[in-house]
Amino acid sequence: MSYGRGQQPTDAQSDARSFLSEEMITEFQAAFDMFDTDGGGDISTKELGQVMRMLGQNPTREELDAIIEEVDEDGSGTIDFEEFLVMMVQQLKEDQAGKSEEELSEIFRIFDKNGDGFIDREEFGDIIHRTGEPLAEEDIDEMMADSDANKDGRLDFDEFLKMMENTDAQQEARSYLSEEMLAEFKAAFDLFDTDGGGDISTKELGQVMRMLGQNPTREELDEIIEEVDEDGSGTIDFEEFLVMMVRLLKEDQAGKSEDELAECFRVFDKNADGYIDREEFALIIRSTGEAISEDEIDELLKDGDKNADGMLDFDEFLKMMENVQ
């Protein structure tokens, strides 16, 4: 898949550029340009493996096929530099995640003093104290109990890994929210945490959510509780509550975007036949104020038109706009 040069970068492309340093972007561009022999701004998928290997990535044939299938959605046989950046960042993040697991495996091995393949309460306490966090013994007991899924009084590596992933999710949730939102969420949570123990019952969860403007159905609430209350304890703490609220806020945001795109589709579908034809599509592109040629509009339409009928239905339009917004 390839987009016109006059376009704004997609969210994924903007994220990719913000993830990389200027030096890395320059290095990637130089490698890409070596295979972009006609200066057209794209390379063939056949050359993709060579560029990746030049940049220190060594995908297997199967991995490369999967990457090409994902990137080259329309089977054009080419990808442009921005798409290449998105793909490279995805590979780097996967490498990073793999290394993180290896690092956690090493931490697990070091603190598993007796080498029995488990972290007991004493070993777990050592890990927590090494982080420098001023935690009371009761808090450490609670952390251990939350992470010990099978309740055998110790953590195997999978339980330890899950606990560390949850910690990352909690940090991400806090960074997503403003100080004002955190304070508002805490005030609502504390209203139901009557004993000050730091958690609320899952029965009270719906009331707290409604107080904060969320209106889950009974089914949605049951699903949320099943996901959050993994050990069936009937309670969730504030950090778990934050992770859940951030996920719901993101889903709301995505839903609103889809509603706005549905309205946009309706407005530009002049003859109300449920499709955006070439003329209507050009009107949408022109309305963005982008300086884009007719050829580039044709290319965009072709990329979005998955069934090649010369028009976009709403699903095709939605998919395309998710890629280009």
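Glycine is no exception: its Cβ is also placed from the backbone N, Cα and C atoms.
Automatic, uncurated: that is what TrEMBL annotation is.
Quick look at what TrEMBL lists:
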DOMAIN    23-58  domain 'EF-hand'
DOMAIN    59-94  domain 'EF-hand'
DOMAIN    99-134  domain 'EF-hand'
DOMAIN    135-170  domain 'EF-hand'
DOMAIN    180-215  domain 'EF-hand'
DOMAIN    216-251  domain 'EF-hand'
DOMAIN    256-291  domain 'EF-hand'
DOMAIN    292-325  domain 'EF-hand'
Across the domain 'EF-hand' (180-215), average pLDDT on the 0 to 100 scale: 85
Positions whose Cβ lies under 8 angstroms from the domain 'EF-hand' (99-134), at least six residues beyond its ends: 140-141, 143-144, 153-157, 160-161, 164
Candidates 59-94, 135-170, 292-325; stretch with most C-beta pairs under 8 Å toward the domain 'EF-hand' (216-251): 135-170
